[in-house]
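Engineer: Copied straight from TrEMBL:
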type	residues	note
TRANSMEM	A:36-56	transmembrane segment
TRANSMEM	A:101-119	transmembrane segment
TRANSMEM	A:131-153	transmembrane segment
TRANSMEM	A:159-185	transmembrane segment
DOMAIN	A:162-351	domain 'ABC transmembrane type-1'
TRANSMEM	A:197-222	transmembrane segment
TRANSMEM	A:308-325	transmembrane segment
TRANSMEM	A:337-355	transmembrane segment
Amino acid sequence: MTTTTVYDEMIEARRPPDLRSGVAGWLRKNLFNGPVNSVITIITAGLMAWALWPLLQWAVLQADWIGQTREDCSGEGACWVFISARFETIVYGFYPEAARWRVDIIFAMLAALIAWLAIPRLPAKRWVGLFALVGFPVVAYFLLVGGHFGLMYVPTREWGGLMLTLTIATVGIVGSLPLGVILALGRRSKMPLVKSVCVVFIEFWRGVPLITVLFMASVMLPLFVPTEVDFDKLLRALVGIMFFWSAYMAEVVRGGLQAIDKGQNEAGQALGLSYWQRMGLIILPQALKLVIPGIVNTFIALFKDTSLVLIIGLFDLLAIVRAGLTDPNWLGFATEGYVFAALVFWVFCFSMSRYSQYIERKLHTGHRR
Amino acid sequence: MTTPAASASNGPMIEIQRLNKWYGDFHVLRDIDLTVARGERIVICGPSGSGKSTLIRCVNHLEEHQQGEIVVNGIAMTQDVKRIEQIRRHVGMVFQHFNLFPHLSVLENCCLSQVWVQKKPRAEAEATAMEYLERVQIANQAYKYPGQLSGGQQQRVAIARALCMRPDVMLFDEPTSALDPEMIKEVLDVMVELAHEGMTMLCVTHEMGFAKTVADRVIFMDQGQIIEEAPPESFFNNPRSERTQLFLSQILGH
Ligand SMILES: Nc1ncnc2c1ncn2[C@@H]1O[C@H](COP(=O)(O)OP(=O)(O)OP(=O)(O)O)[C@@H](O)[C@H]1O
Ligand SMILES: [Mg+2]
């Protein structure tokens, strides 16, 4: 015989148990939950200390920071004097000292614009974004190149160091994303001509190594183009880098476009939205959000590969550091040089990575798609 | 509700003549003739794959047809994008899987086309949106995202979103078949109310109760063809064709 049970007392809603009970709680939960895990934790910590301690000693504890020449270095740890003594060159390259304030202004503007666009709380994103895409490049061009308004002309061959790296990376990133989006849309177009142009473009640029692109831009192009039209070498490299990465970007974005349910486009059609409205308001916001990891991945690869321009004689950050290694007064500090260059690249790339994760979390709108 | 805007013609709402459509070699729609008068409610049913969705999707050109004429609200369907968009502005559609925009809040879902297609000021669009959300009884969820709503709630939002464009005719493609049983009623209630207010409706559904209460005509399709077309009374009580009888016996479960 079955019995019927009736629960006629309502259970009050309670707060969930507190899972984050401070550092001690975290340690116990993650590192010391049981004898085996405790032993593993201790051994791992020991190994890490054993491996990292010498590095810490070399890089920080026994390192020399202050001075002008190599004589200021004791030689026991890292000689960061090598970096600090040539810090200006590493940042500005061969940019004339008297005009470096112009670079500083551009650095400051770039930092301010990125911060403004990146911090969600700040208002007027649309106008700031518009300025960043249209106004800023013009200002940057006139300030950095000069030759107008009484500013001294600084040819791009005198640019270098971090400033050149950031120039290439910024132009590459800002140029390749929109171009990539257009190419991705074009590749999915129903118009045969548009589609084939985009496919050929993407497959061509994706099929050649970036080094080849740079060589073609610096060596081959001048052979085909009449000598009177003298494109700047940096400009040629920039265009090459932009096209190259836009092809990658296009495929990343296309992956996102394909992941969007067909019904989204149909719902937009049924509401009477035009093609560009559907893409701009419905499809792209979702598709781009889906592929943020892929986009940032491409940005990071682009940022690091800016250092390839050294093979066509442009002195980016890494090339400037390398050039310093051959300075007769400073022979033997290759480790410091490369570690520093790696650190700078890492800081930029890691920031991009963290920011992308933050944005992904922020754009998340509920558990179901 | 507001009466449909005075339109170009006083003729039928939808006029379909000898419509034929193929997917490759597959003949999905065969010589479809259908005229829907203003204010008429039509329910389309039929076995899976019979072309019901394809037929109503031709009405707002989500599918392209190869032969025949479709005239919606006095506007003849052509390949011209501008004309297609003009037709779509007056034709609301509700999908089986809701197709709400997941990156926009409920309110933004309802405002999007008002702002971008009808070029309404934001405040006015929001007022209209709230009015219709109120009517489908979901105004209190206006600031949530679709992913935070139940299926039934999402479908009601989808109906409100379509109504915000003040369409002259509404197309429904199995609006309740993706819903759990207890949510079907809340959506059907909204549709019944809409029908009573005089909206022209073309509705693919297997909810025979709905067909009996609101339909002026029930259309049975099989293999791309209209097999039987009758008022619900005679359609359910003495279906003429054998295929209809078979279908009804299956769907009514006896
Ligand atoms: N894009 C397509 N390409 C080829 N065949 C298709 C396509 N879309 C639909 N079909 C076929 O056309 C026929 C009709 O499809 P449709 O979706 O209109 O059927 P339906 O009556 O709505 O069925 P259901 O009740 O399952 O929704 C089906 O046999 C289907 O396989
Ligand atoms: Mg269907």
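Backbone N, Cα and C atoms are what each Cβ position is placed from, and that goes for glycine too.
What does the local environment look like for each feature on the list?
Structural biologist: Outside the transmembrane segment (A:101-119), and at least 6 residues removed from its termini, the chain residues within Cβ reach (under 8 Å) are 91-92, 95, 125, 128-129, 131-132, 136, 139-140, 143-144, 146, 151, 163, 166, 170, 355.
Beyond the ends of the transmembrane segment (A:159-185), by six or more residues, the same chain brings 89-95, 103, 107, 110, 132-133, 137, 144, 198, 201-202, 234, 237-238, 241-243, 245-254, 257, 279, 284, 288, 295, 298-299, 302-303, 306-307, 309, 314-320, 344, 348 to within a C-beta distance below 8 angstroms of the stretch.
Through the fold, the transmembrane segment (A:337-355) approaches residues 59, 78, 80, 82-83, 118, 162, 169, 296, 299-300, 303-304, 307, 317-318, 321-322, 324-325 of its own chain, all at least 6 residues removed from its boundaries and within a Cβ separation under 8 Å.
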